[in-house]
Amino acid sequence: MDRAFQRTKVLTGHLLQSPPTSSFQTPSLSSNACLNYSPPELSEKYAFDISDMRKLMDGHDLEERDRLFGMITQSKVFNPRVRGGKVFVSPDYNQSMEQQREMTWKRIEYLFERGVFQGWLTGEGEEVEMRRFACFEVLGLFDHSISIKLGVHFFLWGGAIQFFGTKHHHDKWLRDTENYLIKGCFAMTELGHGSNVRGIETITTYDSNTGEFVINTPCESAQKYWIGGAANHATHTIVFSQLNINGTNQGVHALIAQIRDADGNVCPNIRIADCGHKIGLNGVDNGRIWFDNVRVPRENLLNSVADVSPDGKYLSAIKDPDQRFAAFLAPLTAGRVNIAVNAVYQSKVGLAIAIRYALTRRAFSLKPKEPEVLLLDYPSHQRRLLPLLAKTYAMSFGANYLKMLYVKRTPQSNKIIHVVSSSFKATFTWSNMQILQECREACGGQGLKTENRVGHLKAEHDVQSTFEGDNNILMQQVSKALFAEYMAAQKPNKAFKGLGLEHMNKPCPVIPSQLTTTTLRCSQFQMDVLCLRERDLLNRFVAEVSQCQAKGESKEHAFIMSYQLAEDLGKAFSDRAILQTFVEAEATLAACSLKDVLGMLRSLYALNCLEDGAYLRYGYLSVENAATVRREITKICSELRPHALALVSSFGIPDAFLSPIAFNWIDANSWSSAQH
């Protein structure tokens with residue numbers, strides 16, 4: 001009984017934090033002091049002006065971006081919520097699919113009422129297009145669903161009318177589209193055909209007696225599938241179909257068809273079904289469409305490429321069917337530019353969150369009774385995140401180059417825009433998935449919470465790898481274009497010109513037998529070594545395809561059999577092109593601390609490219625030099641560590657667009673916070 005009494009007194013003392021009163025002393029229980037959040041700004045210093053870095057990164061329309069950021073953070077329609085004493089905005093992904101769609105539409109209405117979309121289709125000039133890009137990037141930072149919903153309406157539906165239509169189409173449809181009197185979608189993909197647009201099965205015939213086109217879905221595999229906006233909101237669609245005139249198939253053409261009336265009722269002879277719940281992007285109402293003898297006026301054929309006369313004659317200034325088909329894919333270029341740029345901004349969100357968290361979260365101490373170590377002070381954590389940060393900076397400069405290439409487009413530049421947009425769309429979206437996954441893991445269990453964004457962004461943007469062109473197929477297209485350039489340059493007195501291949505006219509670069517820090521950080525060496533890989537892989541690809549053709553195989557079969565080299569070549573082209581944009585951006589600066597940091601980022605990006613397996617696979621680097629590259633990467637990571645906060649702050653993303661773990665994650669997870 002005495003023993004039980006004594007134990008009760010000891011426990012009481014511990015619980016009440018009072019010393020034991022017995023004649024013998026029992027050591028009291030003690031704990032480490034509770035963790036307190038300390039903002040990284042208190043200890044991290046900025047060695048350069050982050051506003052200057054942001055100007056360089058965003059490139060244009062900073063005031064318009066900030067205006068839109070403010071518009072979003074000040075409205076309840078964008079789901080503001082307080083966590084850890086700060087306001088954050090992001091969609092509620094715990095809502096049902098129907099609720100997410102409804103909220104996406106409400107947000108679009110809110111933005112429309114405030115004039116955000118003014119001039120997006122009726123305005124002209126580079127300034128209008130760049131402002132539209134800037135707004136699109138900001139809205140994508142808030143939610144992928146809203147950017148895709150807008151992209152379908154403005155860039156695909158609206159873009160198709162702009163590119164394929166003529167003046168009477170522009171006059172009739174563009175202003176009403178911009179004012180949302182018409183809600184458009186883009187019916188290209190079918191259940192049976194996605195990337196192979198040539199193979200779509202929807203059929204359109206012409207009835208010269210009535211002057212109408214008749215659209216039909218002849219079989220289940222011809223149903224239009226994944227059509228964004230079709231399930232709930234779209235009133236009209238661009239229909240891609242095989243155009244059959246007088247028994248002759250003239251190939252894929254585009255027409256306008258109404259699918260709902262002004263009251264939202266589905267039109268006669270149209271059937272629409274929902275595609276259902278998706279792993280992400282549930283704020284977009286993807287639907288399926290069937291056409292049963294749907295009649296549309298002859299004027300609804302988008303006829304800038306080809307036309308049909310009232311009496312049923314097929315007319316086109318482009319006699320080559322392949323060139324005609326290529327012209328019908330023009331709107332996808334604008335889509336790929338947007339997808340590529342959007343992917344870079346999602347990478348910025350993930351890295352800003354993960355790096356800010358790593359600057360305040362501690363784990364383990366190196367010695368007993370010493371403070372735990374910040375995650376980003378571990379070399380392994382630096383190695384996980386900082387090369388990806390450098391890659392995101394590089395991709396930002398690539399994205400700015402791509403946008404300018406697009407807005408300054410001419411008929412002569414269409415080929416390079418197609419190749420670069422295909423390459424960058426594949427590279428940036430693949431990289432975004434890699435970056436978001438690494439950031440999710442770097443945030444540990446907190447990365448799994450939807451409110452912390454990083455993990456959920458992966459599901460929301462996974463689709464980027466396959467829509468508007470499967471990435472693997474896009475990279476094969478890039479390699480085919482490079483093959484064509486190579487063959488053209490074999491003609492007498494013909495040099496390489498275009499697609500950045502001018503380096504092929506120069507002597508082949510040589511990698512030194514021993515690499516030093518000075519060499520590895522030299523921009524000329526970095527460019528040379530990436531050009532060397534591209535040159536060698538292009539030579540190998542041409543040789544392999546040619547050998548296959550020499551055995552009697554078709555060129556297409558030869559391309560298919562050489563897919564591994566094609567993928568390596570596509571990656572080599574992309575890495576070199578991105579580095580080139582980085583070097584050019586860096587060259588615009590006079591010597592300063594900002595330029596010094598950019599030099600480190602550029603070196604880290606370039607050396608990270610050298611870690612690609614191709615450098616060992618094809619013998620460009622010795623095992624010893626590969627090890628030297630690896631050590632140099634670790635060294636640069638440690639040198640960039642003091643600039644980590646400044647580099648993610650330079651993204652210019654408002655705090656509200658990040659997440660609770662990027663700031664006071666202790667308060668955000670407190671009991672008082674849970675009660676709200």
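These residue numbers are counts, starting from 1, taken along the chain as shown.
Placed from the backbone N, Cα and C atoms, the Cβ positions cover glycine too.
Lifted from TrEMBL, the feature list:
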- 185-294: domain 'Acyl-CoA oxidase/dehydrogenase middle' (DOMAIN)
- Thr189, Gly228: FAD binding site (BINDING)
- 332-482: domain 'Acyl-CoA oxidase C-alpha1' (DOMAIN)
- Glu468: active site, proton acceptor (ACT_SITE)
- 532-658: domain 'Acyl-CoA oxidase C-terminal' (DOMAIN)
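Of the recorded residues, the residue listed as 'active site, proton acceptor' and Thr189 (FAD binding site) place their C-alpha atoms 9 Å from one another. Taking the binding-site residues Thr189, Gly228 in turn and counting surrounding C-beta atoms within 10 angstroms, the largest count is reached at Gly228.
For the residue listed as 'active site, proton acceptor', the Cβ neighbour count at a 10 Å cut-off comes to 26, with all displayed protein chains included. Counting residues of the domain 'Acyl-CoA oxidase C-terminal' (532-658) by DSSP class, helix then strand then coil, yields 103 helix, 0 strand, 24 coil. Mean pLDDT of the predicted structure over the domain 'Acyl-CoA oxidase/dehydrogenase middle' (185-294): 96.
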